[in-house]
Amino acid sequence: MLTVDDVLEQVGEFGWFQKQTFLILCLLSAAFAPIYVGIVFLAFTPDHRCRSPGVAELSRRCGWSLAEELNYTVPGPGPESQCLRYEVDWNQSTLGCLDPLASLATNGSPLPLGPCEQGWVYDTPGSSIVTEFNLVCDDSWKVDLFQSCVNLGFFLGSLGVGYIADRFGRKVCLLATTLTCASLGVLTAVAPDYTSLLIFRLLQGLVSKGSWTAGYTLITEFVGLGYRRTVAILYQMAFTVGLVLLSGLAYILPHWRWLQLAVSLPIFLLLFRFWFVPESPRWLLSQKRNTEAIKIMDHIAQKNGKLPPADLKMLSLEEDVTEKLSPSFIDLFRTPNLRKYTFILMYLWFTSSVVYQGLIMHVGATGGNLYLDFLYSALVEFPAGFIILVTIDRFGRRYPLATSNLAAGLACFLMIFIPHDLPWLNIMVACVGRMGITIVFQMVCLVNAELFPTFIRNLGMMVCSSLCDLGGVLTPFLVFRLMEVWQGSPLILFAALGLVAGGMTLLLPETKGVTLPETIEDAENLQRKAKPKENKIYLQVQTSELNTQAAERDASQGTAQQK
């Protein structure tokens, strides 16, 4: 029986059509990077001190350098220098230029300190939401809330957007979420106050991850089996390209509103090209829209300069006797193997997020060059993608994924015992952990897409990856609260999560060389060592034997297994 993969073998598994579509969708993947980690530049916190009226004039009159001004007018080092000020009238004429506060101190008692009632002075040539809305000192938690809103949006949007993609199609989801994401990005850039900023970021989080995931699912369903893993990994590496470009763009545009506009407006241009990207033929077949699927397969053949199979058009004339498959959350937990896949993938996504972001927070707390530090951390992800491309065909998915989890967990465990006077060793081990968890992040997307049947593939991706977003919401609190107990406490948590994830990965089936499952039965059979042609996505109808088995099963259970 003819399958989608059989047709692609004849018309081109990765021809001109797939290459063109892949490059377009990679632009979407790169555009998602500023939404996910743009907080680094949008909300950076520069050195700051209380604004005290009269200090600037006194400094000019006395000819002080910046270091002298800070020494004379700002309280000692630590939080006091950023959140408190001397309660002194700096405009009084009796103040001298040499130790001006000496004459005000009586009996050697310290001068009274007060809050920053006049705002703050920030040592930066640019701006961020921190400097514009004064999100420092008692209001510093609002920066964490700003980032949590994005991750909360990812989490909430995972469920609804995933259902839309499986119910109404990948293309409809892609167009709707991309348009909404771009519009909300522009609204964020012109937000008049902090409250509206939170609302726009939350709403953008609701749709932006769905847009990225719809593109990921679409491109993996367009290509043949031999190229599926390659395009999946390269699609994620396009995200890393977005990280690199973001660091350069942020350096050129140090003002957050201009930077936000610069990363949002180009998304509108992608919409014009997305309009000409066809719907996934695999999804159309799962919805029993065979005629449309065959037209798209014929279009792919024409674009690739190949002739479609001679029996392709005959398939649309055969009677469609199968039942239309509609996505349901229950399907993710309906059968034993699918239930196991869902829970394990949820844990893997959660672990990936906590360890990935946690390592950045724990190691990246050193005050270096913001742009270079971000660039170096992004470049580490390119070797991770290369390692996947080299190993995934030789060793499959399961063992590299398990090994990467174990490597990340072991690296975090070793960092606990590295002395503080060996920072270079700490950075090297941390890079190994970062590379390992990056490999996990990239591979779990591929494995997630390969384990679920077509009609719930996008839903399965969104539901499982929603745990990644939940981890993103919790990670700042986990890291900083545990560091208050002991600086190495977060590393113990990261090590435990990574090592357990490595063991749980071995419970998943190997999907190397196995075609994408169409039905729940196909997904259940992945656990068995099936022949290469056993699990296929059919262009026409399922065999009468499967229909008979399904009818007998439905009759015995009293309910339909699938809508």
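Even glycines carry a Cβ here, placed using N, Cα and C.
Quick look at what Swiss-Prot annotates:
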- 1-21: topological domain 'Cytoplasmic' (TOPO_DOM)
- 22-42: transmembrane segment (TRANSMEM)
- Asn71: N-linked glycosylation site (CARBOHYD)
- 145-165: transmembrane segment (TRANSMEM)
- 166-171: topological domain 'Cytoplasmic' (TOPO_DOM)
- 172-192: transmembrane segment (TRANSMEM)
- 193-196: topological domain 'Extracellular' (TOPO_DOM)
- 197-219: transmembrane segment (TRANSMEM)
- 220-232: topological domain 'Cytoplasmic' (TOPO_DOM)
- 233-253: transmembrane segment (TRANSMEM)
- 254-257: topological domain 'Extracellular' (TOPO_DOM)
- 258-278: transmembrane segment (TRANSMEM)
- 278-282: motif 'Proline-rich sequence' (MOTIF)
- 279-342: topological domain 'Cytoplasmic' (TOPO_DOM)
- Ser328: phosphoserine (MOD_RES)
- 343-363: transmembrane segment (TRANSMEM)
- 364-371: topological domain 'Extracellular' (TOPO_DOM)
- 372-392: transmembrane segment (TRANSMEM)
- 393-398: topological domain 'Cytoplasmic' (TOPO_DOM)
- 399-418: transmembrane segment (TRANSMEM)
- 419-423: topological domain 'Extracellular' (TOPO_DOM)
- 424-446: transmembrane segment (TRANSMEM)
- 447-459: topological domain 'Cytoplasmic' (TOPO_DOM)
- 460-480: transmembrane segment (TRANSMEM)
- 481-487: topological domain 'Extracellular' (TOPO_DOM)
- 488-508: transmembrane segment (TRANSMEM)
- 509-563: topological domain 'Cytoplasmic' (TOPO_DOM)
Open item on the list: Can you give me the Cα-Cα distance between the residue listed as 'N-linked glycosylation site' and Ser328 (phosphoserine) in Å, rounded to a whole number?
Closed with: 65
Task: Contact between the transmembrane segment (22-42) and the transmembrane segment (460-480) (at least 3 Cβ pairs under 8 Å, separation 6+) - done: no
TODO: Work out the three-state DSSP category of Asn71 (N-linked glycosylation site).
DONE: helix
Task: Region pair the transmembrane segment (343-363) / the transmembrane segment (399-418), three or more CB pairs under 8 Å - done: yes
Task: Any contact, the transmembrane segment (488-508) to the transmembrane segment (372-392), with at least 3 Cβ pairs under 8 A - done: no
Task: Segment proximity, the transmembrane segment (460-480) to the transmembrane segment (197-219), 3 or more C-beta pairs under 8 Å - done: yes
Task: Contact ranking winner - 172-192, 233-253, 399-418 against the transmembrane segment (372-392), Cβ under 8 Å - done: 233-253
- [ ] With Cβ distances under 8 Å as the criterion, find the stretch in 172-192, 233-253, 399-418, 424-446, 460-480 that has the most pairs with the transmembrane segment (145-165).
- [x] 460-480
Open item on the list: Please tell me whether the transmembrane segment (424-446) and the transmembrane segment (172-192) touch - that is, whether there are at least 3 C-beta pairs under 8 Å between them, with each pair 6 or more apart in sequence.
Closed with: no
Task: Within the topological domain 'Extracellular' (419-423), residues counted as helix, strand or coil by DSSP - done: 1 helix, 0 strand, 4 coil
TODO: Would you mind giving the whole-number mean pLDDT across the topological domain 'Cytoplasmic' (393-398)?
DONE: 83
TODO: For the topological domain 'Cytoplasmic' (166-171), could you work out the same-chain residues 6 or more beyond its ends whose Cβ comes under 8 Å from its Cβ atoms?
DONE: 214, 217-218, 221, 274, 277-280, 283-284, 326-327, 455-459
TODO: Go through the chain and flag residues at least 6 beyond the ends of the topological domain 'Extracellular' (481-487) whose CB is under 8 A from any CB in it; none is fine as an answer.
DONE: 362, 493
